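Feature list (source: TrEMBL):
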- His98, Asp136, His258, Glu262: divalent metal cation binding site (BINDING)
Amino acid sequence: MFNLYKPSGCISNVQNRAKVCSNYQVIRKMAGVALSVVVEKLNEFAPENLAEKWDNVGLLIEPFTKRNVNKILLTNDLTENVMSEAMARGSDMIISYHPPIFAPLKRITQKSWKERIVSICLENKIALYSPHTSWDSVTNGVNDWLASALPLASAQPVLENLSNPSIGAGRLCVIQGELTLGAAIDRIKAYTKLKDLKVAVAVNRNLESPIRTFAVCAGSGTSVLKGVKADLYITGEMFHHDVLDANHQNIHVILLNHSNSERGYLPIFREILRNMLKDYQAIQIDVSEQDADPLQTY
């Protein structure tokens, strides 16, 4: 709620009171930002056409009743716990990296968790946007964040965009200076704030082996990294036999778990979005505290 400044000595005057009330309504109308503006800004940063053809990105839920966006919640996955958090925070919009609506929904009932999430968003006029692989491709996106875990001399997309070679899926990187596998593991843990990683050491190599080049792919790296020449792969998950194949080609593999290779980007994007919306009043942007990788180590 906006705190309206009330000049002393005017409230008793009907004319001044009317003027104050009128100004108050103007301020309320100016508060926040139109949903269409937020979507426009999101597309300026990462155009939806950068997403993979199989993906489902963009504005997924648009409430029928239009209202300005004052509170935005960022999450990697929109689970029911995160949905409850959004309700408690009074969020007007959720930006979920992974699209909660992917496979077609034939009905909106209370029988499945995804249907319930859609139902809650519609009932409470909460907009839902998902960028997914458009954030993977764009400069200063998820893959650039993940690649920055290690000292970089250079980085380029693994799969270049046909219209713009500087963007695309994955990153192939050259290390700046000297780095061993063991030191790379320590740096990645510190950077991602993860307590443990899954590491597959290449055949006839060890933790003291030098790392000169590495390739990253946030999320699932099986298809993007397949056949890429590098000393090290960093990704969220890979098929078992692809890990074995990489190891036998003298490539180490570090797996963070799928969403752990993505989630750390959200605080970075919060600052990017704040800057994009700096001309609008009192926009609150939060990163979910309930969002977490479903796989935990016990």
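Here the Cβ of each residue, glycine as well, is placed from N, Cα and C on the backbone.
A TrEMBL annotation is a machine prediction, not a hand-curated record.
Taking the features listed in TrEMBL, we show where each one sits on the structure.
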residue	record	contacts (Cβ under 8 Å, 6+ apart)
His98	divalent metal cation binding site	Asn76, Asp77, Leu78, Ser130, His132, Ser259
Asp136	divalent metal cation binding site	Val142, Asn143, Ala169, Gly170, Ala218, Gly219
His258	divalent metal cation binding site	Gly219, Ser220, Gly236, Glu237, Asp293
Glu262	divalent metal cation binding site	Asn76, Tyr97, Val142, Leu146, Ala218, Gly219, Gly236
Neighbours of His98, Asp136, His258, Glu262 excl. site residues, C-beta within 8 Å of centre, divalent metal cation: Asn76, Tyr97, His132, Val142, Ala218, Gly219, Gly236, Ser259, Ser261
